[in-house]
Amino acid sequence: MSQIGATVLGYPRIGPRRELKRAVEAYWADQISADELTTTAAELRASTWQELARRGLDSVPGNTFSYYDHVLDTATLFGAVPERFQDTGLSELDRYFAMARGRPDLAPLELTKWFDTNYHYLVPELAPDTRFTLAGRKPVDEFEEAMRLGVRTRPVLLGPLTFLLLAKPAPGSPDGFTPLKLADSLAECYIELLEQLHEAGADWVQLDEPAFAADRSAAELCALRDVYARVTAATNRPKLLVAGYFGDPGPALPILAESGAEAVSIDLVSAPELAFELSEMPGLRTKTVVAGVVDGRNVWRTDVDQALSRCAAMAGSVGELAVSTSCSLLHVPYDVDAETGLDQDVRARLAFARQKVDEVVELNRALQSGASANHKHQTTSARRASEPIDEQKRRRAPYSEREHAQRARLGLPSLATTTIGSFPQTPDVRRARADLRAGRLSESEYRRRMRAEIGRVIRLQERLGLDVLVHGEPERNDMVQYFAEHLDGFATTEHGWVQSYGSRCVRPPILHGDVSRQAPITVEWSSYAQSLTGKPVKGMLTGPVTILAWSFVRVDQPLAQTADQVALALRDEVADLEQAGIWIVQMDEPALRELLPLRAKDRKEYLSWAVGAFRLATAAAAPGTQIHTHLCYSEFGDVIDAIDGLDADVTTIEAARSHMQVIDDLRAAEFGRGVGPGVYDIHSSRVPSEDEIAKRLIAALHVVPPERLWVNPDCGLKTRAYAEVEPALRNLVRAAARARGGQLA
Ligand SMILES: CN1c2c(nc(N)[nH]c2=O)NC[C@@H]1CNc1ccc(C(=O)N[C@@H](CCC(=O)N[C@@H](CCC(=O)N[C@@H](CCC(=O)O)C(=O)O)C(=O)O)C(=O)O)cc1
Ligand SMILES: N[C@@H](CCS)C(=O)O
Ligand SMILES: [Zn+2]
């Protein structure tokens, strides 16, 4: 049987030119048939396997393809389809997409972020009566498909424990039910699947268990031991590689070391100290340890000497040593070579997925030959920013004084209505930007079109009767990339797409050096919008933590220091907006929760610098300038104190999807400033009724006094269409008016 040798834990699947995104979206729009979609998918899989084999991997991961999300794939594979999606009369493929995206009459599964990355998965819903069955053949079919092309893959499956730990109890489940209670029945299905893969000729299967990089209870660790005892005891099965990543698996590692699995992989990028601790785990002496020395989540070339010395440290403690990436390469773009516009110095320091495959192969070769490679790649610049000054993180007046000054200046009503910033990015707007990039449109014509769009957005908001207007962000391709394109110290890519969720992708900027701002970035657009209306226009900025969270960051200085550099640049932007007569500035921090360390012991330090960076960016604002912040995409209950610590005058926060759960969190924290719990779920095309919004306002008014309650959607409207946005906002404004008039009871 083959050894693992050089491998990667997973690979991007959207296609080097986003072929899958385009095909899936065309299928949804009825522009191509299911057959055409499956053909594109098969072509993408084939080219991935062939390329990975050609580049010299000894073990090629399989089953890394997904039409939407690998957690959803796992749920459907094991028959965990919530009742509302059964008997719909839909084809298997359409039912799968309905679970992901919903239908007018069917709520989708909840979407949430994958550990501390910018990828989002669909949350399986499990109930006490969920009966797992092996309902599909995807991993087996794809294994056989690859075999026909001459590649024996190593099918990658989401591990049973991580699957259960990522799931949530289905609505209506009794108190005390946890998905983990279904472990026995799920283990049986894994055994059946492993038998099928064995029969098909798979010699290795990878089971991903990243959930153990977070704090886990004794019961969860026990379940890990029991399930793996059961699964590994199966007789007709391939060898098992259990992959832990995104951090130190802590007490899970000795359990896996003593289990019957033939291999474990460890993430030596996030937990390099593990390389020196394996000697304490005798169970590993008979196992293959897959050393995750090539960073699967960042884009810097690997320091070969450092990687080899980590491998060398493990040599005496393990059976076989294999070389790999720290995690799946899902989180990095395909190919540096496609980026012809990048600065040469920056480019020379980068490795995307393809280059990382080459690095793994090269490292494994060096390891086998016992040679120490003499390549040295300095990952990032070593320049240092000046120390942040604590006084710069405090506003000039306490909230009570600021509230007074802002009330006098802005004269807003109770339950003031606003939106979160972006309005629909219409095909015309996106096309104009594509034309600008391609040189088909001049810079001045592009600006003229964006101003025309801003004019339309302002007129619409005036017609609807909103109180605080926005310019609509038409000029932004993305809320982080746009700022990166205007700041020194960042590089941006042309083709560096990474899947964020489903067919949606982002191009994370590359933060490679010291960050600074040469000139105002947003002032021109916000002041143009303000010139068109007598109502206040909110300036719109992305906060330092979110800019870091959604970029590839330098690793040669602490993140806290980089955050303060970004914050100082934004601080200048806030000052310029004030200077231009913008009295309300929103600094979005949707990713504040996203960077929260997986282990509780590391959180205090993170929250301290993250909150500090936000304050550094905003605190210089005059007391009469109203600072808003906006948070979304997460549940914020466990960071509510940090949100309070941001000291923003108004916090708008996603709430509609979580049934206004945030209201209870705010009550518990005695949150004493302006708050806008989102009353309209912008993730769905459904138009919320006036009554429904009014009910949400009633719930909020139990906790927040009317003069501090803001009425707004959950998040920006960029992914929606005007046909939905206009009636939804009309209902929102009407519901607020009813509430102001006390007509809610
Ligand atoms: C809020 N979220 C974000 C995250 N990370 C970010 N960096 N940004 C975010 O907004 N993480 C958490 C969440 C994730 N959510 C989303 C939501 C929506 C998207 C999304 O819609 N992505 C778009 C791409 C956006 C973009 O960069 N647009 C560019 C390029 C557009 C493009 O593809 N152009 C075409 C030509 C178009 C034409 O001719 O009509 C082309 O180049 O081929 C732009 O507007 O200029 C997506 O389509 O996937 C992502 C994450
Ligand atoms: N201002 C941004 C925030 C998104 S989280 C928007 O409205 O799209
Ligand atoms: Zn948002």
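Yeah, the Cβs are placed from backbone N, Cα and C, and that goes for glycine too.
Whatever TrEMBL says is automated annotation, not expert-curated.
Annotation source TrEMBL lists domain 'Cobalamin-independent methionine synthase MetE N-terminal' at 7-315.
If you look up TrEMBL, you'll see ARG18, GLU19, LEU20, LYS21, LYS113, ARG504, CYS505, TRP550, GLU594 marked as 5-methyltetrahydropteroyltri-L-glutamate binding site. Neighbour count (other Cβ atoms within 10 Å of the Cβ, all protein chains): 18 for GLU594 (5-methyltetrahydropteroyltri-L-glutamate binding site).
Taken from TrEMBL, the feature region 'Disordered' covers 368-411.
According to TrEMBL, the feature compositional bias 'Basic and acidic residues' maps to 384-406.
Here TrEMBL flags 415-737 as domain 'Cobalamin-independent methionine synthase MetE C-terminal/archaeal'. Restricting the average to the domain 'Cobalamin-independent methionine synthase MetE C-terminal/archaeal' (415-737) gives a pLDDT of 95.
What TrEMBL lists as L-homocysteine binding site is ILE420, GLY421, SER422, GLU473, ASP588. Close to ASP588 (L-homocysteine binding site) in the fold, though at least 6 residues off in sequence, lie ILE420, GLY421, MET479, MET540, LEU541, THR542, GLY543, THR546, THR629, HIS630, LEU631, each with a CB less than 8 Å from its CB.
The feature L-methionine binding site is assigned by TrEMBL to ILE420, GLY421, SER422, GLU473, ASP588. GLY421 (L-homocysteine binding site) counts 25 other C-beta atoms within 10 Å of its own C-beta, drawing on all protein chains shown. Under DSSP, GLY421 (L-homocysteine binding site) is assigned to coil, being neither helix nor strand in the three-state scheme.
Positions annotated as Zn(2+) binding site by TrEMBL: HIS630, CYS632, GLU654, CYS715. Around CYS715 (Zn(2+) binding site), the C-beta neighbours below 8 angstroms that are at least 6 residues distant in the chain are ILE420, PRO590, HIS630, CYS632, TYR633, GLU654, GLY678, ILE682, HIS683.
Look at TrEMBL and you will find HIS683 tagged as active site, proton donor. All chains included, 19 other C-beta atoms sit within 10 angstroms of the C-beta of HIS683 (active site, proton donor).
Each residue contributes its Cα atom, and for ARG18 (5-methyltetrahydropteroyltri-L-glutamate binding site) and SER422 (L-homocysteine binding site) these two points are 24 Å apart. For the binding-site residues given as LYS113, HIS630, the lowest number of other CB atoms within 10 Å of the residue's CB is seen at LYS113. Highlighted here are the binding-site residues (LYS113, CYS505, CYS632, CYS715) whose C-beta falls below 6 Å from ligand 3: CYS632, CYS715, in sequence order. If you take the C-beta of SER422 (L-homocysteine binding site) and look for same-chain residues 6 or more apart in sequence within under 8 angstroms, you find VAL470, GLY472, GLU473, ARG476, MET479, GLY716, LEU717, LYS718.
Residues from the binding-site residues list (LEU20, LYS113, CYS505, CYS715) with a C-beta closer than 6 Å to any atom of ligand 1: CYS505. Cβ environment of LEU20 (5-methyltetrahydropteroyltri-L-glutamate binding site): ARG13, ILE14, THR40, ALA41, LEU44, TYR67, SER503 lie under 8 Å away, each six or more residues apart in the same chain. Checking the recorded positions LEU20, LYS113, SER422, HIS683 against ligand 2, the ones with a C-beta less than 6 Å from an atom of that molecule are SER422. When the binding-site residues ILE420, CYS505, CYS632 are compared by the number of other C-beta atoms lying within 10 angstroms of their own C-beta, CYS505 comes out lowest.
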